[in-house]
Amino acid sequence: MGMTTPAAPSGSHERPAVTNPRLPEIVRLVLLFLILLTSIFLPALVFQLPGLSDLAREANASGGPLAVVMIGVAYALTTLVALGLLLVFARQVDRVRLRDYGITWDRLALPGLFIGIVISVVITVVVAGALGPLGLLRGEPDFGGVPTAMFIFVALGQAFLLQGIPEEFIYRGAMINTLQRRGVIAAVWISSIFFGLIHLISAGGQEGLLERVLYLAWPFGFGLAAAALRLVTGSLWTAVGIHGGSHVGVLVCALLGLNVEGPVAWVVIGALYTAIGLWGLRRYKRMGTPDPSLAGLRP
């Protein structure tokens, strides 16, 4: 490889985690995208079943504890559906275990999750705190007329159960391993670009085509940082922390009266994430990764 890398951790392999997939790369990528869509929309369809649909309408109308429970269940189902479909994909398509995607809970998981959350919260709060007094943020935080405690619960559920965990398991977990034959760094760039581009259809307060493009700096940046820090820390949970922490940062800002919206905020936050991602990739090229599912792969 033309560089000196540390010995792989005990239990790691000096071969690709996915050595004999049943399907071509492009088909596997499409399947992963379908897994993402299914995990997002299936819970909503479940609540359209007879009996549950009436309960859901009652919950939405009341806006009370029942609504909180229903939202929590829907978010949890998103993670469970994604995990279940990834398990089938791993066994039947890639012929591997979930841990070969980095999906495991070990001694690195909790520290990695914490590191990712802290990095994202610091970036978001510092940028919003700097831009707010300059008049470079747009609008005011909107709690939707719900109690603060309910707003926090829903925001945290969205941060991790609806988006952070399932999307990182797919994009920074299974997708990087699906693209591993191109090299780990190429896989990181491809997954980050793809993740950024799908946010063209996101509703993040963009006004016009130019702002839709500028908005991509944020998801692309934290996608790159999430993947690179997975390599640095050896845990996919760091990526979950970066992703979920991005939403937590927005929540903290809202509680402080700051609305993290506007092209300047998106670009600055995205640039900081990208800088962290580039640092992480450089460190990986020099020192390798303690992640056993990626330690033996070509950079």
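Keep in mind that glycine also has a Cβ here, set from the backbone N, Cα and C atoms.
Annotated features, as they stand in TrEMBL:
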type	residues	note
TRANSMEM	26-46	transmembrane segment
TRANSMEM	66-88	transmembrane segment
TRANSMEM	108-131	transmembrane segment
TRANSMEM	143-162	transmembrane segment
DOMAIN	153-245	domain 'CAAX prenyl protease 2/Lysostaphin resistance protein A-like'
TRANSMEM	183-201	transmembrane segment
TRANSMEM	213-232	transmembrane segment
TRANSMEM	239-258	transmembrane segment
TRANSMEM	264-281	transmembrane segment
Leading contact stretch, 26-46, 183-201, 213-232, 239-258 vs the transmembrane segment (108-131) - CB distance under 8 Å: 239-258
Selected stretch (most C-beta pairs under 8 A with the transmembrane segment (26-46)) from 66-88, 213-232, 264-281: 66-88
Contact yes or no, the transmembrane segment (264-281) and the transmembrane segment (66-88), 3+ Cβ pairs under 8 Å, gap 6+: no
For the domain 'CAAX prenyl protease 2/Lysostaphin resistance protein A-like' (153-245), residues assigned helix / strand / coil by DSSP: 81 helix, 0 strand, 12 coil
